[in-house]
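So that you can see what the record holds, here are the features copied from Swiss-Prot:
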ACT_SITE  25  active site, schiff-base intermediate with substrate
ACT_SITE  58  active site, proton donor
BINDING   57, 73, 74, 75  substrate binding site
MOD_RES   25  pyruvic acid (Ser)
């Protein structure tokens, strides 16, 4: 049996840009992507801490070191500049894989810089 498990989480990142007229997606600083082992075009689930909205989209690479968290297209309607988001990826895993796996959680500072990397 496969279970859908948390793979990685960017915890309480701050929205820095929203562009309703862009094609879609979420731009994420390359440093955050590397730390969380998230890949461009990977599906993500986003949870808005400020208003409770929950939605999904896909990743595009943001400029390294920029602190960018940009919501594009329809996703731009789900959050405002300055809102805090939790961004997660999930993966199907067998019970054997789960026994040895630990998800990554990236904690950030007020500028979306990496503050701490946790493995649970």
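A Cβ is built for glycine as well, from the same backbone N, Cα and C atoms used for every other residue.
Annotation for the residue listed as 'active site, schiff-base intermediate with substrate': same-chain Cβ neighbours under 8 Å, separated by at least 6 residues, are 57, 58, 59, 60, 72, 73, 75. For the substrate site listed in the record, the two most distant Cα atoms among 57, 73, 74, 75 lie 10 Å apart. What surrounds the substrate site, by Cβ distance within 8 Å of the Cβ centroid and not counting 57, 73, 74, 75, is the set 24, 25, 26, 55, 71, 72, 76, 77, 78 from the same chain.
Sequence-distant contacts of residue 74 (substrate binding site), defined by Cβ-Cβ distance under 8 angstroms and a gap of at least six in the same chain, are 20, 24.
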